[in-house]
Amino acid sequence: MEFTLIKQDGAARRGTVSLAHGDVQTPAFMPVGTYGAVKSLSPVEVRDTGAHILLGNTFHLWLRPGLEVIGEFGGLHRFMGWNGPILTDSGGFQVWSLGDLRKITEEGVRFRSPINGDSCFLTPEESMRIQKVLNSDIVMIFDECTPYPATPADARDSMLLSLRWAARSKAAHQGNPNALFGIIQGGMYEDLRDESLAGLTEIGFDGYAIGGLSVGEPKEDMLRILAHTTPKMPQDKPRYLMGVGTPEDLVAAVSHGVDMFDCVMPTRNARNGWLFTRHGDIKLKNARHRKDTRPLDEHCQCYTCLNFSRAYLHHLHRSGEILGARLNTIHNLHYYQELMLGMRQAIEQGRFEAFATEFRQGRQMLQQSA
């Protein structure tokens with residue numbers, strides 16, 4: 001893996017991450033393909049939205065269809081028909097989300113499979129083995145996602161466990177030519193975030209992620225940790241903010257120097273009839289859209305906006321038609337990718353601050369009427 005920093009405008013960064021299956025232009029947004037598919041779309045449709053890289057879910061793919069199946073295809077790319085780069089998470093967040101169904105020890109995490117109830121044991125070494133079979137371009141270390149809220153003592157214990165697991169992940173990754181990213185933990189405590197980052201950089205990784213945010217904390221806490229942590233991350237490595245977020249979150253994070261993002265928000269909201277536009281959000285369930293002949297966004301060039309009205313999308317949503325979820329997903333992902341493209345161009349032109357101001361002003365236009 002190679003990271004090239006092309007231009008910096010303030011703290012905002014424009015770069016390229018060169019990976020085994022292609023280049024990723026940053027700032028970049030990764031659509032989430034939990035089970036090896038971005039929900040409701042084909043790989044061609046996902047690429048047509050402007051996506052360069054996808055995220056796959058190690059935990060779920062390990063449980064189903066399993067490594068024996070994916071291994072027959074030489075990895076996830078051929079199995080799912082996507083020839084671009086793939087990042088896989090380590091399974092740590094999914095195990096954390098099981099709550100009382102899992103038991104964490106120094107060695108790893110024991111839990112019951114949510115599919116069939118089988119006893120499973122996931123360790124840093126096993127996570128690295130799984131991700132090697134998946135042949136993902138970017139592998140994430142196995143970590144513990146610090147819960148929110150957490151006392152300083154609990155957050156520190158969790159962070160230190162993640163650091164020990166990070167070292168084990170690095171050792172187990174030896175022999176895998178793909179990139180390995182470390183994950184900064186530490187809850188809502190700046191000093192713990194600093195300690196985590198220092199420990200990870202001492203171990204040494206190809207890129208660094210900010211984990212443990214967007215887990216229920218107030219937005220101001222998320223932004224506080226983001227503003228504190230990002231500037232201290234290595235300048236010559238990609239910076240990845242995990243599981244975030246709204247369009248506003250993405251612009252704010254890029255302003256602090258984040259390069260990569262993933263989030264289920266554009267796809268999940270699309271299936272729930274919640275659409276993002278440059279003028280604000282549209283909720284298709286609202287009756288005001290029943291006879292609206294306009295597209296979602298008159299300036300959007302996605303397939304949905306070029307061919308269908310708000311009235312038709314409202315009808316599909318109210319009728320529960322699968323086509324509605326597909327068209328909505330195409331639009332939301334296209335919107336996110338166009339937002340990333342706009343930020344890349346603004347950084348190149350040295351006008352990111354003006355872009356961010358125009359973005360915020362535009363997004364407020366529909367707040368009262370959507």
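Using the three backbone atoms N, Cα and C, a Cβ is placed for every residue, glycine included.
Residues or ranges marked as active site, proton acceptor in Swiss-Prot: Asp89. Taking a C-beta cut-off of under 8 Å and a sequence gap of six or more, Asp89 (active site, proton acceptor) has these contacts in its own chain: Leu55, Gly56, Asn57, Thr58, Phe59, Met140, Met242.
Summarising the annotation, Swiss-Prot assigns active site, nucleophile to Asp262 and lists sequence analysis as the type of evidence. Sequence-distant neighbours of Asp262 (active site, nucleophile): residues of the same chain at least 6 apart with a C-beta under 8 Å from its C-beta are Phe29, Met30, Pro31, Val32, Leu55, Leu87, Met242, Gly243.
If you look up Swiss-Prot, you'll see Asp89, Ser90, Gly91, Gly92, Phe93, Asp143, Gln185, Gly212 marked as substrate binding site, on the strength of sequence analysis. Neighbour count (other Cβ atoms within 10 Å of the Cβ, all protein chains): 32 for Asp143 (substrate binding site).
Per Swiss-Prot, the feature Zn(2+) binding site maps to Cys300, Cys302, Cys305, His331; the stated evidence is sequence analysis. Packing around Cys305 (Zn(2+) binding site) is summarised by its Cβ count: 24 other Cβ atoms lie within 10 angstroms of its Cβ, all protein chains included.
As annotated by Swiss-Prot, region 'RNA binding' applies to 243-249 (among others). A mean pLDDT of 97 is what the model gives for the region 'RNA binding' (243-249).
Sequence annotations record features per position, and here Swiss-Prot assigns region 'RNA binding' to 267-271 (among others) based on sequence analysis.
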Tell me the residue counts in helix, strand and coil for the region 'RNA binding' (243-249), as DSSP assigns them.
3 helix, 0 strand, 4 coil
If I take the Cα of Ser90 (substrate binding site) as reference, which of the binding-site residues Cys300, Cys302, Cys305 has the closest Cα?
Cys302
Spatial neighbours of Gly91 (substrate binding site) that are distant in sequence (at least 6 apart) but have CB under 8 A:
Asn57, Thr58, Phe59, Trp62, Leu122, Ser127, Ile130, Phe142
Least buried by Cβ count (within 10 Å) of the binding-site residues Cys300, Cys302
Cys300
